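Contents: one structure, followed by commentary.
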């Protein structure tokens, strides 16, 4: 009889989650999986109850099951080597009780304040638990959360357990009797606080599957005793038993009458499996020199340890004992849950997909389909039979039906996989199930490499009409997008007389291809040959859309194409695939090409302010023949089409200094712009200062005595000639343009000023040396010239002021141009 928990003041449960004959179930496939409740947390909750079904293997020793905020205190529950622990505040409570693998465990955890602090409580399989030890903890977290597995936005949290969850309930008080599995599965038409596992109520992280499960299968603990009537060593027995979805009997079952039930005439293998670290199982032991036992790890090569002993049920005296693991017994006993479902994968249209195990005489079995098919052993062969279509496929003699095998069809051999694996698992060639997260993860888990078989060959499936020369949207009547993210590692030196720029770095392009379906995307990176698919073909030109320059060549230094397996992408199981592939649609996968390229292009600079000023050097990328259907977009969707790079390379580009690098894009072009500023420091020493000194030397002749005409004229003429030589030399060392630059104007003005000094010196001497008397020229003596040549001195003084003012004005104007004030 089911117990109904309702939301009233005296109730225990605040909410229930199940309706109808099936209930919501969440499967956490990998350590990075998690789901968190979207709604607002209820107050007055003291505990959480949930049905937990841990997978047979856990990747990590310590894993977390749930996280929940209770009365402003965060509660964690998890397991270490399948032993339960609960953490509240800064203390972790460890329990000796373990969660049974591949069995639904009713688990309740919580805490409530008491006089002396906090009372932490836990119940497992209907029994109140007592902590075996208490240790300090350093895990800290703030906020209100209700999550299973890994937290959504906390990568530092503990790894999630792998397995299934169902029947979540919140407790308003500690129950006098902990709920059993059946009492957690309750039916109600109206729930005030819905915790059903569905996508509308929970945020998912990583590989999480939401599905339905029949209520009557959640709490079933009935087993079939399947007899394997064949000669097997311990390792082979364990592998066949696991392929059936079963396990060897344990000591508790033997003590409770399983020995009496067994009516065989031979010794049989059994195993009291002791977990050493939660990641491996230890199936046997051997006696070592000091009299202790060394346990044998599953998967360890038995041939290398001939002294290993494994547990056996001795029929001679109906007791348990040990015998060499390499020895064979002619019969073994496997305990298979009666609700185990077997699925047939592959190209079968006339046969059922799902089967259940049925016992026959003497512990044998056959598999009954859910409609019209069955798998029976006829003679020495297993036969797949369809009663509706009257068709039979046969395995070769001696083959075991579970696993991946070739079946002899009417006219061909067909590869099929028959497995007891659930939605979180995949099958090896011999039928043993492992977490699907270990499929195509680059790590060998099976000796036959079946977990890594055909991974790169099966990375994607193409449409029949797929052509690498045509872009994905060419015939679809819609435009696609290419997300681009350039990275510049090197920018070459730019010489003013040449103005050629060189940029190098990896450019990352991402796009989607509707013509593809992806298979088993589980590892972070899948590489593939770029020529196998359509990839963007780049062209480049200097300038931008408003100032188009010549086309330039792109040098491809290195190229790699890959697909990132996003664990949050929804996947669909492909029953027609004998390798049990999980399919991901193209909308959830980005193809990526990372191309390290080098582009050398001319900078179309207008250097009117040279060597001062700021300039832009542009290069534009566009798609060869695909620009009509494919549009450029920034890689980060939160960014605009205009971005600034964080360039960490050398910014000293010889004649220019790199201020920053930007990217601008429209539908057709991606324009990379180098923002440059003139390097005037060199020209200050090589051009401005020497030329200014020449003028100062020439100007200084105004301070010579006006009678020393030869010295005055020689000084100013020499300065003029040197200045003209500096101008000619400087003109050969920087960029040549058909227009005047600021440095040209500098030299031109200084030459004019120096020329003016020469003319003024000549004029002053003329005023001093000659005067006109009634139209005749008369030469004065010295004393007479000193008295009568005031005009010469006035002219010299005015020249000092005018020339100095003009030179200062020139300096001010050039400073304002250099500071970009003008």
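The backbone N, Cα and C atoms fix where each Cβ goes, and this holds for glycine too.
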Transmembrane segment according to TrEMBL, located in which of 713-730, 767-784: 713-730
Where TrEMBL places transmembrane segment among the ranges 645-664, 745-764: 745-764
Segment assigned the feature transmembrane segment in TrEMBL (from 607-631, 682-706): 682-706
Conformational class of residue 455 (disulfide bond) under the three-state DSSP mapping: coil
In contact by Cβ distance (the transmembrane segment (682-706), the transmembrane segment (797-819); 3 or more pairs under 8 Å): yes
Residue with minimal Cβ packing [other Cβ atoms within 10 Å] among the disulfide-bonded residues 421, 433, 455: 455
Neighbour tally for residue 440 (disulfide bond), based on other Cβ positions within 10 Å of its Cβ: 26
